[in-house]
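Here it is, the structure, as structure tokens.
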Amino acid sequence: MADLWDDIYNDTKLLEELAPIAIDAALLQGVLMRTKESPNSSDVVSFAPFALLPSPVPKALFEQAKCVQEDFNTLVDRISQDTSFLEQVLSSTIKVDDFIRRLFAIHKQVQQEDCTQEVFLGINRSDYMFDCRDDGTPALKQIEINTIAASFGGLASRTPAVHQHVLKFLRKSEESSSILTNDAVEGIGWGIAHAWALYGSVDATVMFLVENEQRNILDQRFIEAELCKRNVRVIRRRLADVFERGTLDEERHLFIDGYEVAVAYFRTGYVPQDYTEQDWEARLMLERSRAVKCPDVPTQLVGTKKVQQELSRPQILEKFLPDKPEAVARIRETFTGLYSLDIGEEGDEAVRVALANPDQFVLKPQREGGGNNLYGEELKEKLQECKDSEERTSYILMDKINPKPLKNCLLRAGGRVQISECISELGMFGVYVRHRDQMIYYDQVGHLLRTKAIEHSDGGVAAGVAVLDNPYLV
């Protein structure tokens, strides 16, 4: 596995020749991002960073991640319907984390107002690394599950063609034909279209809720194109636009700029800096509305690290999946050690062990978007700072996953062509649609492989650390 492409990596002249061919293939396939200098204009775009060659991934672990995704779909949906569980689990976090507190307050307010919802749409992505066990064999271990704005389904659907072209250029036709197709964008588009259809108005629109700066717009445009094929109109608006021009009628139908909104698909709203006070008002309006929210607030809260940690406790999975013992076993097999930092003996012991062995753990806040986790000395400093205060309850502790590094060449605009020691993270996309109490559809719909140099502890493609990749199953 380690020497899959060594004949290429050892040929510096070939690498220099190959890199521009791969970059042009990415341009031809639309694997693109806007530039940092002009994040809201497509006049000038660049290729999204990607790996020169596909990274080897154990076939058994890929299939394991694929198989368990439907289980995670069911689990996320069921937890999102249990407000008392979310309130109990997040009670300590809400005291010290204003972002989580405000989200939960919106959920409680909408519940008290009895703003019933009939159609539910979930688009999530469960991320894993391949932990190297003591005997040298790899094991699939979950990093997190993203329940809001799970990105790169669009671009990931186009990267297989890039690596197929590169391998054909290298006269490796058999290897080229082994690159997996990736139907993430079709599955995501199908899920949104199905929710739109269940809303029941052919004149209604799908609204993408987007950030003020939209570098990754091309990833979203692929999903828009899928919806266009199905004759579903898409509009793009910011939360600020919803506040300024959004209205609810007496039956809670949401309108903006003359459009009735059937589905509100979030590609923003996952970190505190996404919100002004007016944006929070817009989020409340959206949550009150009859529009299908992807996600609604409780589903977003299911994706918090605190809920992830709580699910690792005995009997919690069984509480939500009492009819699915095999699913419980599949999910539990992906868990690594997760530890509460709540005030009390259990949290005190976790702090003590982490301070004594900081390189064995990751300190994780309740934040999405990459680049937020703390490792090593930074972990130690933060825990020393907050070990005796309630601030520590805004974090969880997780065993550090240790993948075996592999070689690759990471291509970035303006970057050098050089070989790096890398690790990869595998994401599986899941989509589900529920109508009242009936699950209409739930499936694993595609994958995402991101690879980064080992010197980077945290951060994804959008954060400028990882690059897009494809799994080459071995």
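Placement of Cβ uses the backbone N, Cα and C atoms for every residue, glycine included.
Residues or ranges marked as substrate binding site in Swiss-Prot: Arg125, 148-151, 214-216, Gln220, 267-270, Arg450, 461-462. Marked as ATP binding site by Swiss-Prot on the basis of similarity to another entry: Glu144, Lys305, 364-373, Tyr375, 398-401, Glu425, Lys452, Asp458. Annotated Mg(2+) binding site per Swiss-Prot: Glu144, Asn146, Glu368, in sequence order.
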Across all chains shown, how many C-beta atoms besides its own are within 10 angstroms of the C-beta of Lys400 (ATP binding site)?
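Other Cβ atoms found within 10 Å: 20.
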Looking only at Cβ atoms, how many others are within 10 Å of the one on Tyr270 (substrate binding site)?
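So the Cβ neighbour count for Tyr270 (substrate binding site) comes to 20.
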Can you name the binding-site residues among Arg125, Ser151, Arg215, Thr268, Tyr270 whose CA is within 10 A of the CA of Glu144 (ATP binding site)?
Arg125
Round to a whole number and give the Cα-to-Cα distance in Å for the pair Gln220 (substrate binding site) and Tyr375 (ATP binding site).
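Rounded to a whole number, the Cα-Cα distance is 32 Å.
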Around Arg125 (substrate binding site), which of the listed binding-site residues (Pro365, Glu368, Tyr375, Lys400, Lys452) come within 10 Å, judging by Cα atoms?
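The binding-site residues close to Arg125 (substrate binding site) (Cα within 10 Å) - there are none.
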Checking the binding-site residues Pro365, Tyr375, Lys400, Lys452, which are within 10 Å of Tyr270 (substrate binding site) at the Cα level?
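Cα filter at 10 Å returns nothing.
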Given the binding-site residues Arg125, Arg215, which one is most crowded in terms of C-beta atoms within 10 angstroms?
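Output for this query is Arg125.
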Of the binding-site residues Pro365, Glu368, Lys400, Lys452, which one sits closest to Asn146 (Mg(2+) binding site) when you measure Cα to Cα?
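Result: the closest of the binding-site residues to Asn146 (Mg(2+) binding site) is Glu368.
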DSSP on Asn146 (Mg(2+) binding site), three-state: which is it?
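The three-state answer is strand.
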Whole-number Å distance between the CA of Arg215 (substrate binding site) and the CA of Lys452 (ATP binding site)?
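Answer for this pair: 20 Å between alpha carbons.
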